Amino acid sequence: MTENSDKVPITMVGPEDVEFCSPPAYATVTVKPSGSPTRLLKVGAVVLISGAVLLLFGAIGAFYFWKGNDNHIYNVHYTMSINGRLQDASMEIDAANNLETFKMGSGAEEAIEVNDFQNGITGIRFAGGEKCYIKAQVKARIPEVSTGTKQSISELEGKIMPVKYEENSLIWVAVDQPVKDNSFLSSKILEFCGDLPIFWLKPMYPKEIPRERREVVRSSAPSTTRRPHSEPRGNAGPGRLSNRTRPSVQDDEEPFNPDNPYHQQEGESMTFDPRLDHEGICCIECRRSYTHCQKICEPLGGYYPWPYNYQGCRSACRVVMPCSWWVARILGMV
């Protein structure tokens, strides 16, 4: 009886007493191995899924960014034949920044012209040059490059465009002193010029030009409107005040050309600012593009009349489109 009274019935042992029956080491070994691999697998799965989602959104964003830039920037490459020598050139239209950039040549012969239509400033610089040149131009707003614009410009791709220099063409000569306060210049032009000193360009004509220009202005001053259709083309002087002819000092004696819409006076509502033609931005009477080169020269002291007032001329060339195309596509006015 004494031996039986010392025994504890199994039914008297509660659930809390089971913990004390198990060794501590055994409990530790069974808990840790079962939880650690599962947690690592979950973290790895979350990282992989997050990375895949980020890559997907990045690809979508890059696609739309590229697609958006394609509507704002368009490049075309062509070749110019200057005095029998071929040179590579390119034109870039950046509608987002309202810029038009022309490049000619490469290496030490490279010339770059940037037209800032937002602020009405043109910047020109040459490779290896010690100056950056600016001149005023018309202000405009470049629309997005549409499919029609691309098709029109793509006709220049791969073509060899001859360059014709006119002996009595306008010459741009830098002023003596650089610009001291450049706060009026946009960040685009300042970035384009970099650390180079900036000089204004002033137009100058060769020796025989001033007298002819004065005669042209006198002959065209009484009438600033377009010439009537019945009037012969050879009777009116090609002055700058005429809105139907190119500002040139040469005699305008072209025969009637039925293929030229300006000879037929089609589209009476389409008139152009002569400054567009005079500054080489577009050609009023042209139906096809051509290459326009302008001479950028350094001032030379001494006697004023030509050729003693400038030296060291270099050429900067660009494509000039017909004004009908330029106004419709670039200015977006038509």
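Yeah, the Cβs are placed from backbone N, Cα and C, and that goes for glycine too.
Taken verbatim from Swiss-Prot:
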- CYS132-CYS193: disulfide bond (DISULFID)
- CYS282-CYS286: disulfide bond (DISULFID)
- CYS283-CYS323: disulfide bond (DISULFID)
- CYS293-CYS317: disulfide bond (DISULFID)
- CYS297-CYS313: disulfide bond (DISULFID)
- 105-201: domain 'BRICHOS' (DOMAIN)
- ASN243: N-linked glycosylation site (CARBOHYD)
- 212-268: region 'Disordered' (REGION)
- 46-66: transmembrane segment (TRANSMEM)
What subset of the disulfide-bonded residues CYS132, CYS313, CYS323 lies within 10 angstroms of CYS286 (disulfide bond) at the C-alpha level? CYS323
Which residue, of the disulfide-bonded residues CYS132, CYS286, CYS293, CYS313, CYS317, has its CB surrounded by the fewest other CB atoms within 10 A? CYS313
Nearest to CYS323 (disulfide bond) by Cα, among CYS132, CYS193, CYS282, CYS297, CYS317 (disulfide-bonded residues)? CYS282
Check the disulfide-bonded residues CYS193, CYS283, CYS297, CYS323 for other C-beta atoms within 10 angstroms of each C-beta and report the one with the most. CYS323
Rounded Cα distance, in Å, between CYS317 (disulfide bond) and CYS193 (disulfide bond) is 18
Do me a favour and check the Cα-Cα span between CYS313 (disulfide bond) and CYS293 (disulfide bond); whole Å is fine. 12
Rounded Cα distance in angstrom between CYS132 (disulfide bond) and CYS297 (disulfide bond) is 12
